[in-house]
Amino acid sequence: AGFGAGLGLALASSAFIGGSFVLKKKGLLRLCGPARAGQGGHAYLREWLWWAGLLCMGVGEAANFAAYAFAPATLVTPLGALSVLVSAVLSSIFLNEQLNVHGKIGCILSILGSTVMVIHAPQEEEVSSLESMAEKLKDPGFIVFAVCVLVSSVLLIFVAGPRYGQSNVLVYVLVCSAIGSLSVSCVKGLGIALKELFSGKPVLKEPLGWVLLVCLVICISIQINYLNKALDIFNTSVVTPIYYVLFTTAVMTCSAILFKEWQHMVLDNIIGSISGFLTIVSGIFLLHAFRDMPFTPSLLPLFLQPAGADPHPPWSSADRHQSCQHQPLLPSEDKGSQSAEEEEEE
């Protein structure tokens, strides 16, 4: 029951989050001038489309929140690849962003990789109470990881952001991904707190629950701010897949350190999880790297071309009657010599 609930909530979360990217992008595109988010403005707060996208993202994050309470992070997080698929398809429909054959193959690979990762997902250690969650948060490995995330985020925001934020998509996306890995830990702890609250335990008197709630609000606020900057400056089909890859990597690293998931996995599950993640990365690379490359039937081999298709690609039609076998090796020099001989004769 917990697996089915977590799976269904994760799928619903991907659908809402993928649609939220498109709605927020359309709201940001309606702005111009220094009021844009990429220039440090906040005029998007007056756009109803942006608020609709934020509402969809809120519903998706709520479903994601509940999914983490019912299922391990390594099951929920890989399914976020479906949000890339939803965002790519909706962007091609409503934002006129091209989705060619390479992008479609990339979407299929992302789905296949997610399926493989779900099948071979590691089983995290049992965390059934806030006391056990507090013990895990005190682990030295997790403390070192959290300090590294905070320090790197501060450097990206105050050092790299002003210099490279307008030209490099990784700056703002790295901030969202790094802070997002900590937000998942907060979500997991709050999910456990809600379970204990519904079972009748005095959770409201525990300070850890309130600390996790405050940390979650701060993390989500930072993510929304810098995700808006990235979406306003760069293409949606660029931001979404890169954000997914970096966010998934950060969450898997955080979960492995916090819950010690990989210590109890057999070799075939380790290979399956790594292979599934690499398949997702390959699909997202195809979706991103070749998004502007036109792909027509004339580029296919002859035996795969449909009937009536032009066997010559458009870019070679101007040169197909000018084969190099029928031209002199140095035509420009020959023409120059011929003109020189005519001048001497005159």
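Glycine is no exception: its Cβ is also placed from the backbone N, Cα and C atoms.
Going by TrEMBL, these are the annotated features:
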- 309-346: region 'Disordered' (REGION)
- 6-23: transmembrane segment (TRANSMEM)
- 48-70: transmembrane segment (TRANSMEM)
- 76-95: transmembrane segment (TRANSMEM)
- 102-121: transmembrane segment (TRANSMEM)
- 141-162: transmembrane segment (TRANSMEM)
- 169-193: transmembrane segment (TRANSMEM)
- 208-226: transmembrane segment (TRANSMEM)
- 238-258: transmembrane segment (TRANSMEM)
- 270-290: transmembrane segment (TRANSMEM)
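Contact check: the transmembrane segment (238-258) against the transmembrane segment (141-162) gives at least three Cβ pairs closer than 8 Å, residues 6 or more apart, which meets the contact criterion.
Comparing 6-23, 48-70, 141-162 for CB pairs under 8 angstroms to the transmembrane segment (76-95), the maximum falls on 6-23.
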